[in-house]
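K.L.:
Pulled these from TrEMBL:
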| type | residues | note |
| --- | --- | --- |
| DOMAIN | 5-119 | domain 'Tetrahydrofolate dehydrogenase/cyclohydrolase catalytic' |
| DOMAIN | 138-287 | domain 'Tetrahydrofolate dehydrogenase/cyclohydrolase NAD(P)-binding' |
| BINDING | Gly164, Arg165, Ser166, Ile234 | NADP(+) binding site |
Amino acid sequence: MTETIDGEAVAADVRETVADEVARLSDAGVEPGLATVLMSDDPASETYVSMKQRDCEEVGIEGIHVEIDADAPAEELYETIDDLNARDDVHGILVQMPVPDHVDKRTVLRRIDPEKDVDGFHPENVGRLVAGDARFKPCTPHGVQKLLDAYDVETEGADAVVVGRSDIVGKPMANLLIQKSPVGNATTTVCHSRTEDLEAKLADADIVVAAAGIPEFVDGSMLKAGATVIDVGINRVDADTEKGYELVGDVDYESASEVAGAITPVPGGVGPMTRAMLLYNTVKAAGIQTGVDVNLD
Ligand SMILES: Nc1nc2c(c(=O)[nH]1)N[C@@H](CN(C=O)c1ccc(C(=O)N[C@@H](CCC(=O)O)C(=O)O)cc1)CN2
């Protein structure tokens with residue numbers, strides 16, 4: 001019997017923990033603040049940012065939202081980051097990705113104060129993660145770890161395959177899975193567009209994390225019976241619905257759920273966890289910057 005991994009439920013638990021810590025910080029005179037910066041006309045990015053702002057409101061984090069015209073000079077974004085770095089009421093800064101082509105993404109990531117980098121994308125934070133001393137784990141892979149933990153998926157000694165090598169998901173996910181820590185110790189293979197015989201690698205995997213951004217490209221016939229399947233893909237495909245599209249993952253849910261032991265749905269799987277871990281990192285950032293103890297596991 002395949003178990004559906006309920007990301008909405010686990011994310012709600014994380015938000016509850018975060019709300020308790022926000023209350024404790026508030027008792028100590030600290031009001032955590034998260035700034036989201038959107039420089040894009042992409043409807044999906046607009047949706048994600050407004051969801052993040054709504055989540056902040058739910059847990060009592062002060063949400064600050066900055067919108068920059070997608071055609072504005074890159075310098076406008078860099079200066080916005082400088083302003084947010086200097087503000088005492090802003091503990092976390094998130095620049096929604098992707099940014100327009102004329103903006104240098106590496107400059108953006110380096111410009112954010114590493115103590116406010118709640119995405120965990122600054123090179124200092126990437127280095128800390130790789131060294132096993134993470135300050136902020138990137139939200140999506142951290143959310144996946146939480147899901148594996150919540151559903152008692154054994155990672156120690158498991159063969160894990162991460163499909164996709166992005167900086168946001170694939171690389172940090174693989175790093176977390178190999179670490180000598182809880183929800184780690186997995187033998188991890190990272191597959192990508194140049195991987196030969198992906199099918200053979202997937203066929204042996206106890207845990208599959210699909211993060212390639214290709215709609216429904218992993219199907220049930222490629223999976224080992226009983227595998228845990230984590231679908232990170234959130235693809236908008238044209239459909240005859242009210243919105244004109246439907247959301248599908250990188251995994252063909254119907255066929256995969258006939259073979260998998262446990263599987264995340266799309267929507268309602270990893271997406272809500274990505275947002276919940278952003279709140280978690282914001283509270284952690286507020287604790288770091290103010291010296292107030294924060295109890296997060
Ligand atoms: N600065 C960042 N940019 C981006 C990140 C990131 O972690 N930091 N990740 C992705 C997208 N992403 C976060 O911004 C994200 C994607 C999806 C969801 C989500 O809640 N999805 C829902 C469905 C939402 C919908 O109706 O469209 C779900 O899966 O249930 C949240 C965040 C790229 N950019």
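A Cβ is built for glycine as well, from the same backbone N, Cα and C atoms used for every other residue.
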K.L.:
Kindly point out which of the binding-site residues Gly164, Arg165, Ser166, Ile234 have a C-beta less than 6 Å from some atom of ligand 1.
P.N.:
Ile234
K.L.:
For a quick check of understanding: among the binding-site residues Gly164, Arg165, Ser166, Ile234, which residue's Cβ has the most other Cβ atoms within 10 Å?
P.N.:
Gly164
K.L.:
Sort the residues of the domain 'Tetrahydrofolate dehydrogenase/cyclohydrolase NAD(P)-binding' (138-287) into helix, strand and coil with DSSP and give the three counts.
P.N.:
52 helix, 30 strand, 68 coil
